[in-house]
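J.: Pasting in a structure now, in structure tokens, and then I'll have a few things to ask.
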Amino acid sequence: MKKAISIFPKEFGFFPYIFLVYTIMPFLSLLKESGVKQGIGYGMLLLFVAAYRQLFCSVGKASFTYWLIVQMAVILMYSVFYNITYIYLGFFPANFVGYYKEKTNFNRAFCALIFILLFPCLYQFIANSVSLRELFSVLPFLVIMLISPFGIRSMFRRIELEAKLAQANEQIKELSKREERVRIARDLHDTLGHTLSLLTLKSQLIQRLAASDPERTKLEAKEMETSSRSALKQVRELVSDMRTVTITEELVNIQHILRAGNITFQYEGADDFSVISPVTQNIISMCMREAVTNIIKHSKATHCAITISQFADKMRIVIRDDGKGAPKEKMFGNGLWGMEERLMLIEGGLTVSDHNGTVVALTIPLIKKAE
């Protein structure tokens, strides 16, 4: 499959192409020139467009400054030796000056912008090529050109801060998960460690007394049952303290996630999952989230549909998309192994198929929530 040809980097979208419309004005103005001057003018216009393209391709690189100098030099030549109206091309470098993150580089580029905008005006006025009235008509546009670098720089700062904030939030989430794991591990050790050790000792004692002292064996077995019930109660109390996500909540989250990824969402099936235990709902929610994350990251899909069917003894969840599907050798990559491991905890199963997109089917035996 051939890759689509892109003149400008894809991350800038359609914006660079819009600015190219403004090069039509100098192109038409050069038609009034003749001979060598016209040829040089069109040559500089080609160089200007090439520099414009290279500026987008070299953002953050050392060559960015060189191409900006080329663009400014072309504008200076146009507005001094051709016509003052070419100064409107200053909107191009004014945009790129705002790309500088370092204050020193920004100030230098801004001073250069001031020079290429004001020097031609003074030169043409002293040479009596333009009137004071014509200069005043240009003044509002000069002000906009000189203000725009600050606006562009402020916008990029905000984008950078938002990216850092998002990264910090992800780190906070990860730290919260780690803290929760440590807390659970500590609670399990404190609440179950002693009980499980006691059960181990009693099981060893029962093995030795099974033949010689049946009555004592029955008593120890009864105590083991009591201890195991106590351990089960402790586990349930521990789980109840955990923040679990219900299937209904996760469906809402999935809708928001898919909408952010420009993927339409359709849901069919049950809307009441109250009979399903919180632990089972939490595991199902994590599996659904993993499947949807795979769709957004890998499928290039435009639509996702989830169907949940509840039967007397089991639940079936089908997650399908209209994306490119996945190769057979990668079917159980991209987090699907993790989903399968989670489902094993509740005796569930996972199947993945490729039918006009990827189809992920989860089957979970239903264990109703304890009253």
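A Cβ is built for glycine as well, from the same backbone N, Cα and C atoms used for every other residue.
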J.: Taking the topology from Swiss-Prot, would ILE69 and TYR99 be on the same side of the membrane?
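T.: For ILE69 and TYR99, the topology recorded in Swiss-Prot gives opposite membrane sides.
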J.: Where, among 11-31, 39-59, 110-130, 136-156, do we find the most CB pairs under 8 A to the transmembrane segment (72-92)?
T.: 110-130
J.: So which residues does the transmembrane segment (110-130) touch in its own chain, when a touch means Cβ under 8 Å and the partner is 6 or more beyond its ends?
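T.: Same-chain contacts beyond the flanks: 69, 72, 75-76, 79-80, 84, 87, 90, 93-94, 97, 138, 142, 145-146, 149.
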J.: Could you give me the DSSP helix, strand and coil counts for the topological domain 'Extracellular' (131-135)?
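T.: Counting residues by DSSP class gives 4 helix, 0 strand, 1 coil.
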J.: Using a Cβ cut-off under 8 Å, which residues of the same chain at least 6 positions beyond either end of the topological domain 'Cytoplasmic' (32-38) come close to it?
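T.: Sequence-distant neighbours of the topological domain 'Cytoplasmic' (32-38): 82.
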